[in-house]
Amino acid sequence: MNVLERLMGYIEKEHLLMPHDKILLTVSGGKDSMLMAHLFAKAGYTIAIAHCNFQLRGTESDEDEALVRKFATENNVPIYVKHFDTKAYAKDHQISIQMAARELRYTWFEKLRHELQFDRIAVAQHLNDHIETVLLNLSRGTGLQGLQGIFPIRERIIRPLLFLKASEIEHFVDMYGIAYRDDQSNFSTKYARNKIRIDIIPHFKKLQPDFEIVFEQNINHFKESYQLLQQFVEPIRRKLFYPIDEGWGVRKEDLEPYMDNLPLLYELFSAFNFSKAVLSDLQQAWTRESGRIFQSDAYHMLLDRNELFIREKEFISPDEALITSETSTVEWKHYCFHANVSADLAIVKASEVAKLDYDVLVFPLTIRSWKVGDSFYPLGMEGRKKLSDFFINKKISLFEKENIPIVVNGNGDILWVANYRMDNRYKITANTKKVLTLVCKTD
């Protein structure tokens, strides 16, 4: 069976593609992706090529691009190329160059796939990448989930070369005379993955010449064990977690029976990537530290009085919107504010309405999240009050606080905790001539 037949068999076995699917091939110019492009050009699918120039290796990056463009032209394959200022992105987002390149390419691949109305994005990872991922996870600490390696398909992304060893790919590119480029950074052992590939795996191969095949069998055993575990855990997880705005909640009384079982907690919270160390801290804080926040790489978890709240970090990042003297409508997060200036002095008691003395306002007004140290003079209450204390009295959790709009005057004073309380200093009085009426509604 030749390699193209093996590819088609693997696609069928793993249900990667339907016959009429359109595939966006991600081609860097290296031997793996060039073999993938060569095979798909012969397989009869509708394909296009996406190439990222990260501008990290000077003329070498440009030569990679030139090779991929040449292949696309010779094979009549549409090609799309994107240039990135990767170093600037990494600096702006305070992440590593490797992480920056990953974020940039996958964001662009999905955007391009959507624009082209293609069905799948194909990435040329192979069996050795699969094995390296598991060893890397082991070196960093992982559970059964991290021992499953790379999945052949995840959402729109497929990895159709996972059945091939790196040595087989080298053999086939030589046999077919496929031109490719070597990225010299792949040979530097300062990167953990490269060190595993260059320094560690060769020692395993001395012990077991068929190391890749044996280790792949082990990964399959890990997957089977994980699937069995999930058959036990998933029904419990479904009973515990319920959806909230942009996240999930768990009632403490429901989770209480499982709090002494750290391995089970780890599996219950596995979708959120909380480490065992973090969950152990949660156990210690369970009855003593209401209001504490726990973090994984992508999620915040708030231990509130009666519940746990989990949200993705991106959903609680602050942002601002402005209300000028000319504004009629403005949006902030999932709220819509309507503004109107009039001489209407009638009192409105609805919580979603604030009527402010126009002549003491300093425009533009700002709509933002609360900040530590915020304080105001709540209407109907005595004196100044910290916003944090106001929220506690209202039994508002930290995650809820983050999404409450705070309307701030141009001089920095809080005017309105939207849908909760105005500031006493800016209420309308008998001397008020003009009124700014703000109405805050959810989208």
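Glycine is no exception: its Cβ is also placed from the backbone N, Cα and C atoms.
What TrEMBL records for this protein:
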BINDING   SER28, GLY29, GLY30, LYS31, ASP32, SER33  ATP binding site
DOMAIN    365-438  domain 'Lysidine-tRNA(Ile) synthetase C-terminal'
Taking the centre of the Cβ atoms of SER28, GLY29, GLY30, LYS31, ASP32, SER33 as the ATP site, the remaining residues of that chain with Cβ inside 8 Å are VAL27, MET34, LEU35, ALA124, TYR180, ARG181
For GLY29 (ATP binding site), what is the secondary structure by DSSP, using just helix, strand and coil?
-> coil
Determine the mean pLDDT over the domain 'Lysidine-tRNA(Ile) synthetase C-terminal' (365-438), rounding to the nearest whole number.
-> 91
Determine how many residues of the domain 'Lysidine-tRNA(Ile) synthetase C-terminal' (365-438) DSSP places in helix, in strand and in coil.
-> 15 helix, 24 strand, 35 coil
By a simple count of other Cβ atoms within 10 Å, which of GLY29, GLY30, the binding-site residues in the record, is least packed?
-> GLY30
